[in-house]
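Peer 1: OK, Swiss-Prot features for this one:
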type	residues	note
DISULFID	CYS2-CYS54	disulfide bond
DISULFID	CYS22-CYS46	disulfide bond
DISULFID	CYS41-CYS75	disulfide bond
DISULFID	CYS44-CYS53	disulfide bond
DISULFID	CYS68-CYS88	disulfide bond
Amino acid sequence: SCSRKGPKFVEYKYMAGSAQYCEHKNMKFMIGSNFIDFDDCTRCTCYNHGLQCCGIGANAGVFGVPGCEAVNDHCELVFLKKNTDQLCFIN
């Protein structure tokens, strides 16, 4: 799933007008920039219309595998046999 936040503006000090940017966790990003937030497992892009962040890996969407449970392993979705530490699938 994705979330969106509107753009932010800051007035220029010496020129007329304002600069537009996006803000995420108290950090400012230029329009056109993108980044991955591994704490939230999201990929974010700063557009003119604001910041869009979409889930990746473990937060990309929910689906089930019979007999297994999904576990978040640093934004990678891993399926373990229920009540064990054994992988359901080995690549």
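Going from the start of the chain as shown, residues are counted 1 onward.
The backbone N, Cα and C atoms fix where each Cβ goes, glycine too.
Neighbours and distances for these, please.
Peer 2: Around the Cβ of CYS54 (disulfide bond), a 10 Å sphere holds 16 further Cβ atoms from the protein chains shown.
Every protein chain shown contributes to the tally, and the Cβ of CYS22 (disulfide bond) ends up with 25 other Cβ atoms within 10 Å.
In this view, CYS75 (disulfide bond) is surrounded by 19 other Cβ atoms within 10 Å of its Cβ, with every protein chain counted.
Under the DSSP three-state reduction, CYS44 (disulfide bond) is assigned to strand. Taking the Cβ of CYS44 (disulfide bond) as centre and 10 Å as the limit, one finds 20 other Cβ atoms among all the protein chains shown.
When secondary structure is read from DSSP and collapsed to three states, CYS68 (disulfide bond) falls in the strand class. For CYS68 (disulfide bond), the Cβ neighbour count at a 10 Å cut-off comes to 17, with all displayed protein chains included.
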Peer 1: Helix, strand or coil at CYS75 (disulfide bond), per DSSP?
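Peer 2: For CYS75 (disulfide bond) - judged by DSSP and reduced to three states - the answer is coil.
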Peer 1: How many Å lie between the Cα of CYS68 (disulfide bond) and the Cα of CYS2 (disulfide bond)?
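Peer 2: Between the alpha carbons of CYS68 (disulfide bond) and CYS2 (disulfide bond) there are 26 Å.
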Peer 1: Select the most exposed residue of CYS2, CYS41, CYS46, CYS53, CYS88, where exposure means the fewest other Cβ atoms within 10 Å, treating these as the disulfide-bonded residues.
Peer 2: CYS2
Peer 1: Do you know offhand how many angstrom separate CYS53 (disulfide bond) and CYS2 (disulfide bond) by C-alpha?
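Peer 2: So the alpha carbons of CYS53 (disulfide bond) and CYS2 (disulfide bond) sit roughly 5 Å from each other.
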Peer 1: Roughly how many Å lie between the Cα atoms of CYS46 (disulfide bond) and CYS2 (disulfide bond), rounded to a whole value?
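Peer 2: CYS46 (disulfide bond) and CYS2 (disulfide bond) have their Cα atoms 13 Å apart.
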